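A single structure is presented below for examination.
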Amino acid sequence: MKVMMDGANKMEDELQKLYSEVNRIIEEGDLETARRIVEENYDALVDSLGDVVPPGVEQAAMLDILAQLRLSLGDTNEAEKLLEQIERILETSGTETNVAMLENILSHVGNMYKALGQSGKAVPAFESSLQIQENTLGEDSPLIVRLLMGLAATYLENDEEEKAIETFQRVVATIERTSGPNDEQLALPLAEMGHILLEVERFDEAEAALLRSLQITEQVYGPEHWQTGCATCSVARVKTAKGEFLEAESLYRKGLQYVESSTDFPENEDEILMSKANIRGDLAELLDALQRYDEAQELWKKNLEEKEKELGKDDVELTPTLLGLASSFQDAEKYDQAEPLLRRSRKLLTNQFGPMGLETCEAMIRLATVLHYLKKDDESEVLARQALRIRESTYGPSHPSTAEACNTLASILNALNQCEESLTLMQRVLRIHETEYGADSLELAVTLELIIILLDKLDRKSEILPLLLRLEKLMESEASGLDFQS
């Protein structure tokens, strides 16, 4: 056994040397030499190992290092092939020997699948690695917290919110048991758990977790640190979701003040810039919802100014801020000020994703709507038809996003007195919404009203009465708080 362990340690040392050397060459920019070293040393390394570790595990360990290096080189297809080979080897090899090495391999596999955007494949690797750690260290060991945190994040990426929440709860319980209820390590898992609880609309639980995270963060960093500011704004997001708008605004302003006045910035200054921009954006959206448009627009403009200074004026990453400011102008019915922002957004997105890119479509629909309000219906119609083609080709003819594009085009055609086509589009919207929300949903009310207006304009009065009766029953159902059964 001692000979075997010594051999395993020697192998890991050799693999680490190879990994470090190739990464150094990659950092120097000599990718071809790095690839050549990986390919030439792999066979030599296999020959030098002999039989010092059980067959299977040694192959998986070497493929693990090779896959990491391929990923560092940007050779994602090659890395994925190697990961598949590792999985096949581990399926057929035993897990009783060389447990520490196997746990490392599985952790690396999980991290590589995450980097490849394949969280579904990362989950079983992390779960297997966790099982080994639990068997070795015990299920309550604080040493497994790091792996649990990674597993929870992977569950979230895989849209398994409940599993992510349960895993974060386990992390919190483990830290509390070993380090006490106010340990600074609790701030991060409580915050992460609070954000997921907010997403799944478990608002009271989210607020409790985020308030506790804020309390610990303030205890560790002080009341005016930028991290305390960010934690304060996390609580503000819950207050907004609960409809407690004035308290949310107060928390946002306090948190933003802490972040903007802090001098204790992280090493990566991009993090603090992103925090400021996110907080301003959240507060601006709240103020827009409260119809305090001038205040909201000042925040949007501040974000745009900072991003332009950081990125230049032609970077596609400006578009969320441009669209946010445009929305504020649009909500305030200042369509002439929204138009140039939407044109600029569309241009940046077109340059990045092409004129028929799905990413371009959002700005296109918004611009079409604004041009419609500015009575520029000819151009508006062209954009709306193009947006509808993009949505149809991406989502199909019966998707809610396609219905949105149909609705936009129908409104424009109605203004151009093309009522027949407008009616056809709105009837299509109604069918999609019936499938999406149910035939008895109040979500259908606005669509029914628009169809009735179009039928009236077309003098098709006999078709109006059934729709009026249906609309009346929907409204009565809403007023009584009962579900209408057709």
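Heads up, the Cβ atoms here are built off N, Cα and C, so glycines get one too.
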Of the ranges 66-100, 276-310, which one does TrEMBL list as coiled coil?
276-310
Treating G and I as helix alongside H, and B as strand alongside E, what does DSSP give for the repeat 'TPR' (103-136) in helix, strand and coil?
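Per DSSP, the residues of the repeat 'TPR' (103-136) fall into 31 helix, 0 strand, 3 coil.
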Note the mean pLDDT of the domain 'MalT-like TPR region' (105-297), expressed as a whole number.
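For the domain 'MalT-like TPR region' (105-297), the model's average pLDDT rounds to 91.
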Tally the residues of the repeat 'TPR' (145-178) by DSSP class, grouping H, G and I as helix, E and B as strand, and everything else as coil.
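Across the repeat 'TPR' (145-178), the residues distribute as 31 helix, 0 strand, 3 coil.
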